[in-house]
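> Here it is, the structure in full.
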Amino acid sequence: MQKTSMNPVTDPVAAATGRVAIRQLPIKTQPNSQSLTPFLQLPPKPPPNLLFSSPLASVELRHRARARRRRRPSHPRRAPAMRMGKYEMGRALGEGHFGKVKLARHADTGAAFAIKILDRQRILAMKIDEQIKREIATLKLLKHPNVVRLHEVSASKTKIYMVLEYVNGGELFDKIALKGKLSEKEGRKLFQQLMDAVSYCHEKGVYHRDLKPENVLVDAKGNIKVSDFGLSALPQNQRKDGLLHTTCGSPNYIAPEVLLNRGYDGSLSDIWSCGVILYVMLTGNLPFDDQNTVVLYQKILKGDARIPKWLSPGAQDILRKILDPNPITRLDITGIRAHEWFRQDYTPAMPFDDDDDNNISDGNLHMTENQDIETSPAISQINAFQLIGMSSCLDLSGFFEKEDVSERKIRFVSNYSPTSLFEKIESTVTEKGFQVQKNSGKLKVIQVCKEPANPRGHGNLLISAEVFEINESLYVVELKRSSGDCSLYRQLCASLSEDLGICKRQQLLKKDSMRQDLCRYNSSF
């Protein structure tokens, strides 16, 4: 018995228009078997160049496209986005044991942020609440272009929300894995940025202790951002010997002295981890690796990394000196910055001023526009009570030249106008070789040099100058150090105070408005 089956035969025009030409072909079936359902094969997909090879096909496809557009609603309904304060939550960026990270958009400004959402109950159950507190406390201290910024922290009964800078380039690990290894030029640039970030953290008394490519992010411009400070150590974590004693970090990147568990210098252990990262960037391999953890630790303690001969002599030398298992002879930040290989095409990154915040509080983000100091100085008015509040004591002599406990702010009183003050400060510091930037009613004084600033490697000096108005002829000048050498900062402030400040207390008390305010203040006690 024979049955017929439908076997399509296509031609280009028929296929393009969706019409199929079919012819009958005989097929054999087994005796006494049930009749088989004919099997219709789909025609093979026509080549792309046949889609519009005929006017008929073109008209047919355009007609179908118009029909689909007519059926599609012009304004599709979207599910309302979940909100956290003024942030609209978007897609998930990642997920871990204690929560997830979501992309968010600020409803007013449209700025993108990454919000880390942590589960409170899980944190308490895992007893890592101190680790989370440490990460928040650390990130609040750090404001550097190569460190992920923390903008805001809020909480509900069940969740903790950390609003972080959104870095859209992924991890450094992925960048290396994609390319296999980086060129020396690109690797040096990223290593310079990494050292700027690590040096800044150390100046603030913060030791990361878990530096690895997975904890270094890359933005869209190819610049790095150090993240994940959950295992970082602050000065209070040090014992009386000035050393850290907690063993932590990722096995392949951990320093030999950390493994010995005898106490270690957090800055030098971070330098070791940076050296491992540099090795991985330039070679695409780990300097110390083994599936057996005990063998891996033996290799790290021995410190015998095989440095490829095809690297440049400078790269080989700096790797060998950083991956020194003896922390005493290991290259420190000052030595790294002075190394010839490191200094090629090096421009130090300037940390943000302590006051250059996004002004985020209570879930609000306020964006301010920059103003030019020369054309419109933004001068804040203060009265006697606020002036007293700026000092750590009620002694008026402290107003004339007062340095706070942290040695980061020095203030003096002047009767020069704000415009004259800014002009004279700019003139003085420029003569001394500093650079000046004007931003938001402040004057930024920047020391730019490629040599290490001092033996401790504190980096370049960065000072912000701000003027507060007491009355129409009396002003307070505040000089605030964000980073750099303390002694150079004090010398510069002393010079400016001597040239521009009022040196006699009586001149301040001659002002009637100030005297009246102070009398009212004293009578209230």
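Including glycine, each Cβ sits where the backbone N, Cα and C put it.
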> Looking at 18-47, 168-197, 228-257, 438-467, I want to know which stretch Swiss-Prot calls region 'Activation loop'.
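Comparing 18-47, 168-197, 228-257, 438-467 with Swiss-Prot, region 'Activation loop' matches 228-257.
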> Need the matching range: Swiss-Prot marks region 'PPI' on one of 317-346, 407-436, and I'd like to know which.
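The listed stretch tagged region 'PPI' in Swiss-Prot is 407-436.
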> How far is it from ASP210 (active site, proton acceptor) to LEU93 (ATP binding site), counting Cα to Cα, in Å?
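Cα of ASP210 (active site, proton acceptor) to Cα of LEU93 (ATP binding site) measures 21 Å after rounding.
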> For the region 'PPI' (407-436), jot down how many residues DSSP puts in helix, in strand and in coil.
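Helix (H, G, I), strand (E, B), coil: 14 helix, 8 strand, 8 coil.
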> Taking the Cβ of each of the recorded positions and counting other Cβ atoms inside 10 Å, which one has the highest number: GLU95, ASP210?
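Counting every other Cβ within 10 Å of each candidate, the maximum falls on ASP210.
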